[in-house]
Amino acid sequence: MNWHQQSQEELEKILNVTASTGLTKSQAKKRMKQHGLNQLEEKKKIPSWLLFLRQFQDMMILLLIGATLVSAALGEYIDALTIVFIVLLNGILGFIQENKAEKSLDALKELASPTMKVKRDGHWITIPSVEAVPGDIVKLYGGDKVSADIRLLSVNSVSAEESALTGESYPVQKSNDRLKDTNVPIGERVNMAFAGTLVTKGDAVGVIVATGMKTEMGKIAHLLSDSVKSETPLQKRLAHLGTILITGALILTALVVIIGIMQGQPFYKMILSGVSLAVAAIPEGLPAIVTVVLALGVQRMIKRQAIVRHLPAVETLGCASVICSDKTGTLTQNKMKVTALWNPSGITFRSSKKGFSKSSYENLLSFSVLCNQAAMDTTEENENVQGDSTELALIEAAQSAGISLNRLFSSYRVEKVFPFDSERKRMTVIVRDKMGKAFVVTKGAPDVLLDLTTTIMERGRAEKLSAIKKENIYRAIEDMASRALRTIAVAYRPLDKGETIKDVTKAEKNLSFIGMEGMIDPPRPEVKEAIQECRSAGIKTIMITGDHKLTAAAIAKDIGLLPEYGKVVTGREWEQASLQDKRRLLQRVYVFARVSPEDKLNIVRELRNAGHVVAMTGDGVNDAPALKAADIGIAMGKTGTDVAKEAAALILRDDNFSTIRSAIKEGRNIYDNIRKFIRYMLASNVGEILVMLFAVMLGMPLPLVPIQILWINLITDGLPAMALGLDQPEEDGMKRPPRSASESIFANGMGWKIISRGFLIGLVTLIGFMTSLHEQPNDLIRAQTIAFSILVMAQLIHVFDCRTSQTIFDRPPFENKYLTGSVLSSILLLVLVIYTPIFQPIFHTVALSVSEWILVLTLAAIPTFALAGQYLFKTEKKE
Ligand code: ATP
């Protein structure tokens, strides 16, 4: 269907809808059944059975299964069956972990689901975009992401960025004119808005002509790419590390096998032990656990109102050294209230609940409502008042003085709107009164408006704006701003007869200043403490705002953001500074005021050049480049546009600064936890390999049989490691400086800890084995049981040490109930295989006596406590 060629009447007929009322609910329901949900189909998921089978495709596991078959052929049925059973259990565990990771990532996608404003039964309502159907009448605003193919019926200076579809990143101007030609390329169908593209400015009403896979986007069958699932730097580094670890483990294992055979151990036994050892030593579960921990962490972040759009952001959050935050709504509550009015006759402050008196401020109050998007939307749609909080405050102030919106809009008609944008910092309308007289009304930042003003209204007459009068206004602005009030000025100009305005710059000249309103926007109460916590975590908070320098400074001081020595810099000062000055300024600046989105981009770049990892917030279309340029772009969930959200890595559901702090805290914790279980798993593996290596080198019998090795791998690498990933944050998590993005996983002595603890675990196991063998040279099974128990217990004690970067004494050991639970169950399983007669022949174990247990536990505690003692000694000396 060539939608671009149809007229509105034809469109209404074909799509069976009336533009003025939209579809009825029942029509929409029927169409939903017919056309399905408005979404693109996703790539087919890997079926569960395949995911399960994939757990066994690992080379070493296949070798192990091969070796097991050989042992079955040699008649070792019990051994063979047990190994198969353990391998199966291992596979199930891996499968559960991967499945969980997959599911939690899927849940994330749903959160990012967009909404759409449609007309149903004559009313504008907001619905999830997936519920939109062909024939729906929709409204689009600058900043929206288009979720269906839409033929535009009316447009108001609309541009759209269609690069997702056409590759052309320059915005296309849209119109509602009918196009004549049939074969118009998509990029030139200017009366259409396509799914997947972004409205960069203006607003429009249109009718949906296609949804889901029938849209142009659906047709080129770009299956949804999962931005959420992109790999984090750590995952990439681990993949690289994985190959090194595997090679290392294989070399050592081969060494064990070769030396063992040379020492006269039976060939087949050594091969099976070697393969088992390799399976145990290769941390194949690592990537899956990392994903699960990342995904679970991301879910915890959601609970704290932070939605992660790109997984790598989780890690980058932990490296953030600067947060550039918007003021309005993020550091403040965005609950504006006008508390002061100024015009040449004087200033009036409002006491708590009372309204303003109309007498001397009627023009100021009325004009601030005429030039007001929220007021226009309200009367047009007869809905509850909603919109921008600055504008709502202006409406409330006018209403408090007894001015009625309905009466005002029945006396004046708004003919043209040049909407507010944070670059221009003002909004202008052309209105006409009942007598046919037209005039321009502009409201905006007072200092900006003054540049466009030549006269000032005094006692109903336009007087020349002399230098003294201008000075007076500046003083009034400063007076209001230093009380932390946000200021808005109103100016106007009657149009000459027959004067028509197309260009906004032609409208906004020779204006007459009417007055100013000052509004408070109280800081969010929790922000002060959050800024303080960020500071002790080595993270600097910088306020970036479009507001006046003094207003910004007053609020910044109030929330403890601006220290005594801190500087406040305006966008203009920043622009004019040399590169060198900018670098110097950056060290001391805490507030950027009156900035434009373009300045934001420049600030991010300079901060990054100075070596900072920058988190930057934003909400408007123009903020998107800065959000993309930042290390972590953060968009506002409530007030943010789709364009900003699209460009961001993190979305704050509640627009609240302290949510950024929580996300950083969580980001640091996730990274710490990943390091914890890497440390634990690797130290355990080093211990396992070394005990075998030492034994063969000393020409002793093998301290562990293959089944024991596999069993240890299963019970120690599985649940306890997972539980470490869920550990609580360490107390000093937000007291240390951010880590460097290039820092190695093994930084801060972790490599040494892994090797030293691993070495000790291997050593004490060997000592236990040798002691037992020395006492009862003919009881190899007993010595092996002791070695097996020491190895398990040493790991289960060491797991508590891995919770802290200091020593085991620094944290209450049993805080993490998952860890305590998994350790207890692992101990229970150990006791089970040692004491139950049916398991004894399977696991080659015997029951141990009390004195043997004392030996086991004493030796098992050494790797953790010996070095903790050394550490304690060191810190005491330091103190
Ligand atoms: P941020 O959200 O980045 O902290 P901000 O919300 O204060 O800053 P802007 O919204 O860009 O920044 O506003 C800048 C200035 O523009 C305000 O100080 C005010 O004077 C003026 N202004 C804000 N909203 C409007 C509006 N709806 N109409 C006219 N002028 C406005």
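Any Cβ shown, glycine's included, is placed from N, Cα and C.
TrEMBL: automatically predicted annotations, no manual curation.
Not measured: the values here are computed from a predicted model.
Here TrEMBL flags 2-76 as domain 'Cation-transporting P-type ATPase N-terminal'.
Taken from TrEMBL, the feature transmembrane segment applies to 49-71 (among others).
For 77-96 (among others), the entry in TrEMBL reads transmembrane segment.
Residues of the same chain lying 6 or more positions beyond the ends of the transmembrane segment (238-262) and with a Cβ under 8 Å from any Cβ of it are 231, 270-271, 273-274, 277-278, 281-283, 286-287, 290, 678, 682, 685, 689, 692-693, 696-697, 702, 745. Under the heading transmembrane segment, TrEMBL lists 238-262 (among others).
Taking Cβ pairs closer than 8 Å, the transmembrane segment (274-296) reaches residues 58, 60-61, 63-64, 67, 83, 93-94, 97-98, 100-101, 104-105, 108, 232, 234-235, 238-239, 242, 245-246, 249-250, 252-254, 256-257, 260, 311, 314, 670, 673-674, 677-678, 681-682, 685, 688-689, 692, 706-707, 709-710, 712-713, 717-718, 721-722, 725-726 in its own chain, all 6 or more past its ends. Annotation source TrEMBL lists transmembrane segment at 274-296 (among others).
Beyond its flanks by at least six residues, the transmembrane segment (677-698) meets 238, 245, 249, 252-253, 255-256, 259-260, 263, 265, 273, 277, 280-283, 285-286, 289, 293, 704, 709, 712-713, 716-717, 720-722, 724-725, 745, 750, 753-755, 757-763, 765-766, 769, 787, 791, 794-795, 798-799, 802, 863 of its own chain at Cβ-Cβ distances under 8 Å. Residues or ranges marked as transmembrane segment by TrEMBL: 677-698 (among others).
Annotation source TrEMBL lists transmembrane segment at 704-726 (among others). When Cβ-Cβ distances below 8 Å are used as the criterion, the transmembrane segment (704-726) is approached by residues 64, 79, 82-83, 86-87, 89-90, 93, 97, 272-273, 275-277, 279-280, 283, 285, 289, 292-293, 296, 673-674, 676-677, 680-681, 684, 688, 691-692, 784, 787-788, 791-792, 795-796, 799, 802-803, 816, 818-819, 821-823, 825-826, 829-830, 833, 842-845 of the same chain, each at least six residues removed from its ends.
If you look at the transmembrane segment (754-774), the same-chain residues 6 or more away from its ends with a CB under 8 A from one of its CBs are 679, 682-691, 693-695, 700-701, 703, 746, 780, 782-784, 786-787, 790-791, 794-795, 798, 801, 852, 855-856, 859-860, 862-864, 866-867. The feature transmembrane segment is assigned by TrEMBL to 754-774 (among others).
Distant neighbours of the transmembrane segment (780-797): 680, 683-684, 687-688, 691, 701-705, 708, 712, 715-716, 720, 760-761, 764-766, 768-773, 823, 826-827, 830, 834, 843-846, 848, 852-853, 855-857, 859-864; these residues of the same chain sit at least 6 beyond its ends, with a Cβ under 8 Å from one of its Cβ atoms. Among the features that TrEMBL reports, transmembrane segment is placed at 780-797 (among others).
The annotation transmembrane segment is assigned in TrEMBL to 818-838 (among others). Same-chain residues lying 6 or more positions outside the transmembrane segment (818-838) and placing a CB less than 8 Å from one of its CB atoms are 711, 715-716, 719-720, 722-724, 726-727, 785, 789, 792-793, 796, 799-800, 803, 845-848.
Feature annotation from TrEMBL assigns transmembrane segment to 853-873 (among others).
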Going along the chain, which residues at least six beyond the ends of the transmembrane segment (77-96) come within the CB cut-off of under 8 Å?
-> 48, 51-52, 55-56, 61, 64-65, 68-69, 71, 276, 284-285, 288, 706-707, 710-711, 713-714, 718, 841-843
Secondary structure content of the domain 'Cation-transporting P-type ATPase N-terminal' (2-76), with strand meaning DSSP E or B | 44 helix, 3 strand, 28 coil
Give me the mean pLDDT over the domain 'Cation-transporting P-type ATPase N-terminal' (2-76), rounded to a whole number.
-> 83
